[in-house]
Structures are given as structure tokens and as C-alpha cells.
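Note sheet for the following structure.
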Amino acid sequence: MPLYKRKPFALLDPPQDLDPNELVFQIRFTKEMFRDYQEYLKRLNLYRKRVWTCKTSGKTNLTYEEALVSEHRAVEKVQQFPKELMAPVLHMVQYSTLGIDKLVNNIYSKLQEGYFEGLELHGKKDESVFACKILKVLEDGEATLYEVGWLDRDKKVTGTSTVKAEDLIRKKPPLSRHMIKVFIRDSTSRNFPWVVHETLAKKHGISTQPPENFENIKKRKGTENGTMGNMKKLKRGEENPTKNVVKYPIDDLLVQPSADDPILTKRPPLSTEFRVPMDCVGDFLMVWDFCSSFGRFLHLSPFSLTDFENALCHKESNIVLIVEIHAAIFRLLIKDEGEYFTVMQNKKRNSKITLVKWTEYLLDFLEMDNREKFSKALITTDIREKLDERIEQQQALRATKREETRKKKEEQELGKDESEIKERNQKHILGNCNGKHKSDSLKGEHKGKDKDKEVEKKKPEETQVHSNENLDREIEKLSIRTSSLGKDRNYNRYWLFRREGRLFVESSDSKQWGYYTTKEELDALIGSLNQKGVRERALKRQLEKFYQKISMALEKRTKDIAKRSYSKRLCCDGPLVFGPNLGITQHGIPQIRKQVEGDLI
């Protein structure tokens with residue numbers, strides 16, 4: 001029967017007082033029956049998990065049914081085990097303390113070297129070689145002779161002879177290692193020491209009397225298992241051999257300081273300067289990320305996170321941005337012709353949203369009973385179609401990238417083969433050339449061609465790199481979801497939003513937020529992560545993978561802030577100029593977005 005986590009597993013008995021006409025749930029491959037459907041599902045799901053081991057072959061990570069099939073196949077192999085070899089092999093197995101691999105190798109070697117009764121091989125007879133079978137081993141003083149029976153095509157004994165060991169020939173091993181391993185597992189009831197099944201032992205005349213030190217061997221098993229890790233440490237020359245070896249990475253909270261730890265930098269403090277309340281930062285970032293991702297679809301001009309934050313706090317009176325965002329969302333809901341559209345029709349609202357009357361549309365929305373499900377515009381048909389379209393485009397680009405990579409690999413393999421053929425031909429030509437001058441000229445000519453070929457080789461490789469980079473950029477542009485880079489020891493999540501040059505950090509309970517703004521802080525953060533923990537190791541890999549991208553975003557934001565500060569200083573001295581779109585500018589520098597009192601559509 002299959003082993004559950006390498007231990008025997010008992011099947012359930014049928015329910016008591018089972019009526020012959022009672023309906024039950026039965027598992028097909030174990031025949032277990034259940035009255036309760038939930039209990040049936042629970043048991044079935046256990047059998048579907050990859051926690052089972054084939055008792056005969058030792059295969060692991062199987063489902064219960066896979067383990068059953070494996071056992072059936074292994075039993076079929078055991079039945080093919082030569083009967084004449086069973087007794088010699090079981091004698092070597094009984095009460096052995098070797099591990100399975102060492103025991104198999106030991107038996108395999110002895111079967112290769114020794115000759116014993118029942119072994120089929122070949123022998124020399126009348127200066128020819130014939131198939132034979134050892135019938136008896138004869139001890140004649142110091143020499144050992146063998147009585148063999150000569151076999152015909154049907155493996156029947158046609159005659160006998162006495163031969164020496166040097167007259168016996170093995171053309172192939174009597175058994176494979178795999179066959180020996182399967183036979184051992186199927187023939188034993190325990191593995192330290194190995195104990196042959198009692199019925200098999202009696203059948204083949206194998207002693208079932210344990211050796212004198214049998215009890216000591218059993219006691220030693222626990223000690224050996226407990227000290228194995230310490231022995232490995234001693235071999236490596238490590239200190240404290242009594243401690244268990246810890247295999248990293250482990251859960252970050254279980255990591256303890258040790259002498260071999262690398263020096264970690266101090267984690268830089270987070271900036272927490274937000275104009276919006278701290279408990280609103282998460283929603284604030286989510287809304288901005290949505291507007292940034294679907295800005296073109298919503299007919300919104302690009303705007304920074306700082307612009308959005310200033311608008312929410314009514315700083316610099318930039319109410320136009322808030323109006324535009326609301327108008328874009330309301331237009332989306334109206335176009336969807338759902339419940340909000342019905343409300344607009346009942347109130348006979350004009351479908352055109354203006355700067356003056358936009359608050360009326362907001363109040364209508366807030367008065368809806370089930371407005372919670374409209375709190376995200378993702379439910380609208382247009383957005384869903386846009387999402388599907390982007391996903392299809394991403395899949396197409398990824399398929400293109402895979403195809404280009406495959407073609408490039410084929411071209412490289414083909415070019416390598418052609419290069420080797422040309423090189424062999426060139427060597428052949430040079431070898432047949434007479435005269436140093438001719439040889440030198442040919443060598444020079446071939447060197448020139450080789451250089452040209454190297455240049456030609458480099459060009460497609462560079463093209464391939466640029467092509468992959470372009471595809472990666474296009475795939476990133478189509479991304480519709482911002483995922484966190486990872487978590488640190490305390491489950492704080494790290495976020496990098498497109499079009500925003502800050503690395504945000506969200507607390508595990510999502511109540512606190514902070515951010516980093518400089519490359520120096522990024523370097524210090526990476527240096528503070530302990531790779532012995534699973535979370536910080538994964539986070540460090542992500543930060544290192546996108547290091548260039550994050551660094552450039554941080555530096556760009558720093559430069560943009562410096563430019564804006566310089567522009568504001570210029571604004572203090574110059575006159576106001578009204579542009580053609582009524583947008584107020586200062587020395588040609590945009591100050592406020594397109595602002596009109598009329599229709600925003």
C-alpha cells in the first residue's frame with residue numbers, strides 16, 4: 001500500500017450497520033465508502049495531494065492513485081526476478097544496516113564477482129562457448145570448482161560438466177541495480193536494519209534469528225540521525241557541531257544573528273510627508289494609478305501624483321483637475337447605460353458635464369443606494385473591453401518575443417556550424433598552399449574575412465538586444481496592474497508606480513505609508529535586506545532586477561523638482577501671459593491646465 005509521508009497508511013473500514021440499499025459515496029481506487037459527502041470530499045482531496053510514496057519503488061511526490069500504479073508496475077518487475085537469485089540476495093539483505101543505495105551497490109558487485117548455484121552464464125567447452133547454469137559449487141581444498149549444466153535454446157539441461165572459474169564467462173550483469181532495489185523494498189518489512197518478510201525467509205531458508213547486537217543497532221539509529229548534521233559540520237570545520245544545520249532561506253522572523261552574517265547597512269528612515277490624511281494614502285495612490293493607466297482612454301491629459309495631491313487639497317486652486325477626473329468617470333458610467341445612466345434620464349440631466357454644474361452629477365451619484373459597486377470604474381463594459389484588448393496585445397508581444405528568441409538561437413546554431421565548416425576548409429587550403437608568400441597572403445585574406453564575419457555577427461546580436469528591449473518596453477506600456485515588488489521581514493510591501501519617481505512602502509496593516517526619493521536611500525535599503533529570510537531575499541532580487549529603472553525614476557523626479565523650483569523663481573519677476581487656450585502661462589511656462597468655464601467634453 002502507498003505510504004503517506006513515508007509512513008504506512010490504513011484505509012477506513014466500511015460504515016457500521018450499512019444497509020444494502022443505502023446510497024453511499026465510494027472512492028473508486030480504494031473502495032472506501034462514506035455516508036457524508038463532505039467526509040468523502042475531504043478524503044478524496046487527501047488522495048489527490050502529492051504526499052504519497054510508492055512503497056515498492058520508493059518514488060515520492062505522487063498522488064495516491066499514481067503510487068498504486070507505481071506499486072503495480074514494481075510488483076510486475078519483482079515477478080521477473082530470477083528465482084535462483086532470490087536466496088543469495090535475501091541472505092545479503094537480512095539484518096543489513098546499509099542504506100538502500102549502498103546495499104544495492106554491494107549486492108550488485110557481489111553478483112558480478114561471485115558464482116553461486118542457479119546462476120545462468122556461459123562456459124567454455126571443447127574450445128567453444130555455450131550457455132550453462134551452475135548446479136553446484138564444489139570446494140576442493142583451496143580450489144573451487146563448479147558443476148554446470150549445459151543449456152539448449154529452451155534452457156533445458158542437456159549435459160553436465162565440472163569447470164574452473166576461469167572457464168566461466170559473464171556476458172551481461174545478472175540483474176540491474178533498479179531491479180535489485182525494487183526487489184529489496186518489496187521483500188522487506190523494515191529498513192534499519194533490513195528485515196526480510198518472515199514468509200520469504202522461511203521459504204528460502206534464511207535465518208530469522210536477530211544478531212546479538214540487534215537491539216544496539218536499533219538504538220544507534222536515532223543517535224546517528226541526530227548527529228548526521230553535526231558530522232557534516234565537523235567535516236567543514238565549523239564550530240558548535242551540536243547545533244542542527246539550518247537550511248536558508250527560512251521565514252524572516254525566525255532568522256537569528258550569527259557570526260557568519262554579512263554586514264548589513266542601516267535601513268534608511270522613510271519620508272512620510274503626504275498632504276492627504278495617512279488613512280487615505282492607499283486609496284489616493286490607487287485612484288491616481290488608475291487614471292494614469294487609462295488616462296488616454298478617459299481623455300485625461302497626463303498629470304503627476306503631486307498635481308493630483310495639490311488638487312485634492314485645493315492648493316493653488318487647481319479645481320479643474322478634480323472636475324476633469326470626475327467628468328471622465330461620469331461620462332464612462334453614462335456611456336455604459338447602466339443604473340447611473342437611468343438616474344440621469346429620470347432627472348433629465350444633460351449628458352454634457354460642465355465646470356459649473358459638475359457637482360450636480362456628483363450629488364446624483366452619492367444619492368444612489370448601491371453606489372458602492374460603482375466605486376471602481378472597472379465594472380464598465382468599455383473598461384473591461386480595454387483590459388481584454390491590452391491583455392491580448394501583451395500576449396501577442398510576448399509570443400513575438402519568444403519567436404524572435406527562438407529564431408535567433410537557430411541562426412546562432414546554424415552560423416556556428418557554417419563557421420566550423422569554413423574554418424576546416426580554410427585550414428585545408430592553407431595546408432595545401434606552396435610557398436610562404438602564398439600562405440601568408442591567404443592567411444591575411446582569411447583573417448580579413450573572419451573580421452568581417454565577426455562584425456556581421458555582432459550586428460544581428462545588437463539588433464536582437466534592441467528588439468527585445470523595445471518589446472519589453474511595449475509590454476510594460478500595456479501593463480494594467482501595478483504589483484508590489486515584494487515584502488520585507490515585517491511584511492511591509494514595496495511599490496513602484498509608473499510615471500512616479502518614488503519608491504513607496506506600505507505597512508502590513510495598510511494603515512501607514514512612506515517613501516524613498518533618492519538613489520542613496522535605495523542603495524541603503526538593498527544593503528539592509530537579509531538574504532537568509534525568504535521575503536527579504538525575494539525583495540532584494542526584485543530591487544536588483546529593476547535597479548536601473550528605479551534609479552532613473554528617482555533621479556528624474558529630483559531633477560524635475562529642481563526645474564520647477566527654478567521656474568517658480570523666474571515667475572516672481574515676469575508678467576502673466578494668456579495663451580491661445582486661455583491657459584495661464586509665465587514666460588511660456590504652463591501654470592494651470594486648460595481651464596474654461598464651458599463644456600469639458
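Cβ coordinates are placed from backbone N, Cα and C, and glycine is handled just like the others.
As recorded in TrEMBL:
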type     : residues : note
COMPBIAS : 400-426  : compositional bias 'Basic and acidic residues'
COMPBIAS : 437-470  : compositional bias 'Basic and acidic residues'
DOMAIN   : 22-127   : domain 'WAC'
DOMAIN   : 278-339  : domain 'DDT'
REGION   : 206-238  : region 'Disordered'
REGION   : 397-470  : region 'Disordered'
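Averaged over the domain 'WAC' (22-127), the predicted model reaches a pLDDT of 85. For the domain 'DDT' (278-339), the DSSP-based tally of helix, strand and coil residues reads 45 helix, 0 strand, 17 coil.
The domain 'WAC' (22-127): residue composition by secondary structure is 53 helix, 13 strand, 40 coil, according to DSSP.
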